[in-house]
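The next block holds one structure in the form of structure tokens; read it before the comments.
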Amino acid sequence: MAGGSLAPAGVAKERAEQYQGKVTFAVFVACMVAAVGGSIFGYDIGISGGVISMDAFLEKFFRSVYLKKKHAHENNYCKYDDQRLAAFTSSLYLAGLAASLVAGPITRIYGRRASIISGGISFLIGAALNATAINLAMLLLGRIMLGVGIGFGNQAVPLYLSEMAPTHLRGGLNIMFQLATTSGIFTANMVNYGTHKLESWGWRLSLGLAAAPALLMTIGGLLLPETPNSLIEQGLHEKGRNVLEKIRGTKHVDAEFQDMLDASELANSIKHPFRNILEKRNRPQLVMAIFMPTFQILTGINIILFYAPPLFQSMGFGGNAALYSSAVTGAVLCSSTFISIATVDRLGRRFLLISGGIQMITCQVIVAIILGVKFGDNQQLSKSFSVLVVIMICLFVLAFGWSWGPLGWTVPSEIFPLETRSAGQSITVAVNLFFTFVIAQSFPSLLCAFKFGIFLFFAGWVTVMTAFVYIFLPETKGVPIEEMIFLWRKHWFWKKIVPGQPEVDDSRESMEMGEAVASRIK
């Protein structure tokens with residue numbers, strides 16, 4: 001029996017129907033500004049691959065790789081196999097991993113805005129250090145500061161978006177973070193394509209321009225309202241209700257406000273959320289917080305995003321062609337996010353994840369076959385096969401962009417109860433950054449060892465994650481964020497694990513139904 005066979009409409013439907021509100025200008029602006037944090041994340045993902053393909057950058061910081069690229073006659077797949085070079089990319093994510101664990105308590109105690117502002121300031125410092133780097137130590141320190149910014153931003157922004165958005169549009173608005181991320185990746189690709197021609201100092205401009213969205217994130221964080229959930233959790237009930245009325249555009253927010261009060265009362269009774277999250281009743285959310293970000297990285301998307309120009313060069317593309325091809329894939333990724341925004345709250349999370357997984361598997365297998373048959377040490381891809389590889393990679397990126405890209409963040413951010421929400425998001429970010437670090441550090445060596453088989457390696461993982469979603473992930477579309485507990489209690493598998501008193505829940509639903517009917521009669 002598939003995990004999503006139960007329609008979410010049966011989960012606290014009566015309570016959810018009492019929620020009122022629309023997408024107001026206030027909530028739209030707040031979500032747009034908050035999502036800028038995603039653009040910085042995307043920019044840092046996309047910029048590294050282009051920078052490490054620039055000769056001036058390699059000659060200054062990684063001369064051995066520069067000489068290997070220029071003069072060595074060896075396996076095409078091994079041109080960039082250097083652990084110090086990999087550390088330039090991966091150090092950012094290791095720092096982000098550590099920062100995300102610190103960001104959890106800060107986000108809970110001081111609010112979502114505090115973490116957004118902290119992330120923006122860290123980004124500014126990191127961008128300045130990278131742009132002015134005179135040695136490898138300064139370069140890596142800048143990447144570490146960028147990582148701290150990612151740890152704070154990725155912890156707070158998805159939470160902020162989930163809590164500000166109306167229930168019926170939560171998925172679409174939450175994906176604003178992914179849209180900003182993909183826009184940042186595309187922007188980085190275009191910047192690299194332009195600065196590649198500036199030779200000696202182009203890489204400095206590429207790295208330094210990260211300061212622009214970082215400044216927007218910092219200023220925006222100072223101007224944004226705090227989420228009503230966070231204000232209520234801090235005991236500011238009246239202020240929380242005022243913000244809720246403003247962002248919903250109505251005074252009739254009693255049902256949603258009461259859910260927030262109930263959740264806050266429980267949250268404030270929990271003194272150790274990281275310990276609480278290990279309890280049996282939180283097991284489904286914990287499993288999703290670990291597996292969703294793990295699987296997102298194991299799609300293999302980061303081999304395209306981090307190393308697109310070097311990867312295309314390894315396949316025989318010239319320098320300009322490699323940067324151009326990576327810019328094309330960045331544009332496809334950015335545009336694909338609009339598909340997810342338009343469909344996630346109509347078709348649901350499960351449909352997008354499963355169909356996207358099938359498309360990614362197909363594309364990766366085709367690329368592996370082409371490279372295995374037509375490309376090797378003494379072979380170069382013909383123009384027609386090169387174009388076919390780029391098309392297949394674009395179709396792979398397209399599928400990721402409307403499935404695992406946004407939903408790998410959206411699903412974990414919307415399933416936790418308030419008392420463990422910050423802790424849960426910290427775990428999601430930490431797991432994501434840990435596996436991002438592992439893939440970023442090991443990919444050049446994996447590419448050298450597996451050759452074309454690297455695509456089959458990731459295709460195998462996509463097969464596993466697609467089956468996982470089909471079996472274990474219930475549909476969260478249309479379920480109020482504070483009512484997710486009913487979803488797990490009625491799921492065919494998780495109801496065997498999650499303790500509870502269904503009869504109490506059922507009576508609560510019956511009472512709410514009666515109240516709703518009575519109010520209509522009046």
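Heads up, residue numbers simply count up from 1 along the chain you see.
Backbone N, Cα and C define each Cβ position, glycine as well.
Per Swiss-Prot, the feature topological domain 'Cytoplasmic' maps to 1-22 (among others).
According to Swiss-Prot, the transmembrane segment annotation covers 23-43 (among others), on the basis of sequence analysis.
Under the heading transmembrane segment, Swiss-Prot lists 87-107 (among others).
Among the features that Swiss-Prot reports, transmembrane segment is placed at 121-141 (among others), with the record citing sequence analysis. Outside the transmembrane segment (121-141), and at least 6 residues removed from its termini, the chain residues within Cβ reach (under 8 Å) are 40, 61, 84, 87-88, 91, 99, 147-149, 152-153, 204-205, 207-211, 213-215, 217-218.
Tertiary proximity for the transmembrane segment (144-164) is limited to same-chain residues at least six positions away from its ends with a CB under 8 Å from its CB atoms, namely 27, 30-31, 34-35, 37-38, 40-41, 44, 91-104, 106-107, 112-116, 118-123, 125-127, 129-130, 170, 173-174, 176-177, 210, 214, 217, 224, 227-230, 247, 409-410, 412-414, 421-422, 425-426, 429, 432-433, 481. The feature transmembrane segment is assigned by Swiss-Prot to 144-164 (among others), with sequence analysis given as support.
Annotated transmembrane segment per Swiss-Prot: 173-193 (among others), in sequence order, evidence recorded as sequence analysis. Counting residues 6+ beyond its ends, the transmembrane segment (173-193) has Cβ neighbours under 8 Å at 23, 27, 31-32, 34-47, 49-51, 53-54, 157-158, 161-162, 164-166, 205-206, 209, 213, 305, 308-309, 320, 323-324, 326-327, 329-331, 333-334, 336-338, 340-341, 344, 401, 405-406, 409-410, 413-414 in the same chain.
Counting same-chain residues at least six beyond the ends of the transmembrane segment (205-225), those with a Cβ under 8 angstroms from any Cβ of the stretch are 26, 30, 33-34, 36-37, 39-40, 43-44, 47, 50-51, 113, 116-117, 119-121, 123-124, 126-128, 130-133, 142, 146, 149, 153, 160, 184, 188, 191-192, 195, 198, 243, 246-247. Annotated transmembrane segment per Swiss-Prot: 205-225 (among others), in sequence order, evidence recorded as sequence analysis.
Marked as transmembrane segment by Swiss-Prot: 286-306 (among others). Here the transmembrane segment (286-306) has long-range neighbours at 45-46, 48-49, 89, 185, 277-278, 326, 329, 333, 360, 364, 393, 396-397, 400, 404-405, 407-409, 411-412, 415-416, 424-425, 427-429, 431-432, 435-436, 439-440, 443, 447, 454-455, 457-459, 461-462, 464-465, 468, 472-473, meaning same-chain residues at least 6 beyond its ends whose C-beta is under 8 angstroms from one of its own.
Residues or ranges marked as transmembrane segment in Swiss-Prot (evidence: sequence analysis): 322-342 (among others). With a threshold of 8 Å between CB atoms, the same-chain residues lying at least 6 positions outside the transmembrane segment (322-342) that come near it are 46, 49-50, 53, 172, 175-176, 178-179, 182-183, 185-186, 188-190, 192-193, 196, 304-305, 308-313, 352, 390, 393-394, 397-403, 405-407.
The transmembrane segment annotation in Swiss-Prot covers 351-371 (among others) and is backed by sequence analysis. Long-range neighbours of the transmembrane segment (351-371) within the same chain, counting only residues 6 or more positions beyond its ends whose Cβ lies under 8 Å from a Cβ of the stretch, are 299-300, 315, 340, 343-344, 381, 385, 388-389, 392-393, 395-396, 398-400, 402-404, 407, 451-456, 458-459, 462-463, 465-466, 469-470, 473.
Note on the transmembrane segment (384-404): residues 178, 182, 295-296, 299, 301, 304, 312, 315-317, 325, 328-329, 332-337, 339-340, 343, 352-353, 355-357, 359-360, 363-364, 366-367, 370-371, 374-375, 465 of its chain, located 6 or more positions outside it, place their CB under 8 angstroms from a CB of the stretch. The transmembrane segment annotation in Swiss-Prot covers 384-404 (among others).
Positions annotated as transmembrane segment by Swiss-Prot: 430-450 (among others). Beyond its flanks by at least six residues, the transmembrane segment (430-450) meets 75, 77-78, 80-83, 85-87, 89-90, 93-94, 96-97, 100-101, 147, 150-151, 154, 289-290, 293-294, 296-298, 302-303, 306-307, 310-311, 314, 408, 457 of its own chain at Cβ-Cβ distances under 8 Å.
Look at Swiss-Prot and you will find 453-473 (among others) tagged as transmembrane segment.
Across the topological domain 'Cytoplasmic' (474-522), the prediction's mean pLDDT works out to 66. Annotation source Swiss-Prot lists topological domain 'Cytoplasmic' at 474-522 (among others).
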